[in-house]
Ligand code: KIV
Ligand code: ZN
């Protein structure tokens, strides 16, 4: 009988701490729903004390998620714990994750607290969090560089105070697998009340070892792993959920644990996070990269055709790669459309939303004859964006001209708070000209930090998904758009980002304060 390995996803918290990866409340809810569908056990929805927007996002996730525990992060201070407690209150199952640094360098240079004061504060924080929920996680921040005796002391005290999960963060990604695994072994052997809590690993990828370190921790007794979709996270990122889960699932002969993750949802989650944050996935990325299951070399192809297991250790379908079969076309009716969406787990709240999506589907089918599952997913994401975001700027018309040897130009008509305005501009390409024309109308004074395009399916008639990142006065937003025409998709993404500026706030960072 295998032990259950708890999957704690922190895409919405540590993932969002990645510079430029900020997400709106609606985007967080969309990702959280996908995580729930994937059967993630715990969703860390954010740091509620960071800003009113973060509080609202955690609360919104807590309201809609039913099957996963919703967690809020809090430093070991009254304000943070109260905010986290209130934000998770609507959840079916809620958790507070409180932390304080325990490494000599953090205690001395950042907190300016003595070890005794840190133990006292940790105990206080866990007890205070227990006033809101009996599901309390405690992290000794920078555990990977903390002294073992002190770590044992603070963890024992935190468990006595009521912590039910003890998370061991390798905050700066300094550890190597044997060492990190051995740390778990020692903690579990030496802490007298260790059996009263679940031990968890939280690794950063600065040396490219986050997944390996997490797996070593699992081998030595960790029963929760903290991870993010696509390994998003501070600096080089966190443990990639898809890699960790598939390593455990594929090597059931080796690991004494398994997760409850519904792996066919992995690719959808990866695409959703990549599209929302604008962080694209490298083609050779394990599990979710475009080449992860592609067999280029003739020898490999021959082997795979003769017997799949010669070169494949996992089945592409098991992580959500479809066989790219055409699923719908121009003549498909509303019922076929609805049925396929239901099979993909996509539901609409109202009949009107389904009708709107069907109109979009027909428009798309006129331009693109074969519609794949990926197209349907992109189409619905695009519809969601327009429905959910507060749109004060709308794209009404777009005309571009490009001719070899001539300067590309664009003419854009926008509806701005209901008033239609048109502008034309030239640029180094049609996308550049389009963005300049938009700027002539809105004069947003933002700077473009990122622009990326990816195709949803193969072929030149594919839908293009675009991401745009804009910055203004320290605030960063990401916009998305999709269309078979990439200039239109780009304009949609740019406008989507502009529409988000009203909601974007400068947030406090949970780990960068001098004292608590
Ligand atoms: O990396 C880290 O130490 C963290 C803590 C807040 C758990 O993210
Ligand atoms: Zn972290």
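Even glycines carry a Cβ here, placed using N, Cα and C.
Residues 14, 202, 204 are given by TrEMBL as Mn(2+) binders; from 135, 238, 275, that same site also lists 238.
Taking Cβ-Cβ distances under 8 Å and a sequence separation of 6 or more, the neighbours of residue 238 (Mn(2+) binding site) in its chain are 10, 14, 15, 202, 203, 204, 205, 210, 226, 227, 228, 231, 232. If you draw a 10 Å sphere around the CB of residue 202 (Mn(2+) binding site), it holds 31 other CB atoms from the protein chains shown.
According to DSSP, residue 204 (Mn(2+) binding site) is assigned to a strand segment. The 10 Å shell around the Cβ of residue 204 (Mn(2+) binding site) contains 25 further Cβ atoms across the protein chains shown. Broken down by DSSP into helix, strand and coil, the region 'Regulatory domain' (394-516) contains 28 helix, 51 strand, 44 coil.
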